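K.L.:
Handing you a structure now.
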């Protein structure tokens with residue numbers, strides 16, 4: 001008797017299970033690839049940002065130590081210049097407008113700080129007086145940022161000098177700058193003449209000096225110590241001094 005072979009025909013559900021498993025694996029693989037691409041983009045972005053930070057830090061290290069303070073000061077001065085122009089356009093006095101915006105406490109604190117920073121100790125010698133005048137004049141110099149930007153655009157990379165730069169002596173001041181310098185010098189000369197005018201000579205006065213400088217010294221000595229030496233001088237004139 002011949003053997004009978006049984007053939008099992010798979011159902012539709014059995015065929016669907018391997019297909020579903022393959023689709024699930026493909027979806028997981030696609031998710032992993034997508035996540036990998038996102039991580040790759042984030043890594044490139046982080047690398048770019050780190051490079052920018054390194055460049056910015058290198059620039060900051062090459063700047064002067066007080067660069068931030070200078071920058072803030074220049075920005076404040078630019079704002080002050082803009083306010084002055086606005087007041088001039090309206091026909092107002094900037095100093096008066098500024099005083100209206102400052103409280104009494106701020107004004108007093110500002111005066112104390114100014115006196116502490118640059119105290120007036122009186123005349124000591126000509127070198128100290130000249131140094132004090134130099135500091136006062138340099139504080140009055142206002143930066144011209146428009147001219148600065150024009151020169152920087154004109155010279156490009158050569159504007160920031162190196163060991164091979166040859167920019168010295170090539171700058172030609174404008175007529176406005178020359179006029180401003182002349183006006184400032186005229187003001188200095190006028191002020192100097194006002195405070196150092198020659199006193200008229202009195203022929204009837206007693207001559208107790210050997211030159212003009214000694215005469216000024218004697219006047220100062222008389223002003224401070226005259227009341228203490230008056231009796232001694234009288235005794236010397238009468239011949240009764242001990």
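Cβ atoms are placed via backbone N, Cα and C, with glycine included.
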K.L.:
Looking at 65-91, 92-118, 119-145, which one is coiled coil according to Swiss-Prot?
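P.N.:
The listed stretch tagged coiled coil in Swiss-Prot is 65-91.
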K.L.:
Over all shown protein chains, what is the count of other CB atoms within 10 A of the CB belonging to residue 142 (SUMO2 cross-link)?
P.N.:
12
K.L.:
How many other Cβ atoms are found within 10 Å of the Cβ atom of residue 233 (SUMO2 cross-link), counting all protein chains shown?
P.N.:
12
K.L.:
What's the CA-CA gap between residue 233 (SUMO2 cross-link) and residue 142 (SUMO2 cross-link) in angstrom, rounded?
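P.N.:
With distance taken Cα to Cα, residue 142 (SUMO2 cross-link) is 56 Å from residue 233 (SUMO2 cross-link).
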K.L.:
Mean pLDDT for the coiled coil (65-91), rounded to an integer?
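P.N.:
In the predicted model, the coiled coil (65-91) has a mean pLDDT of 85.
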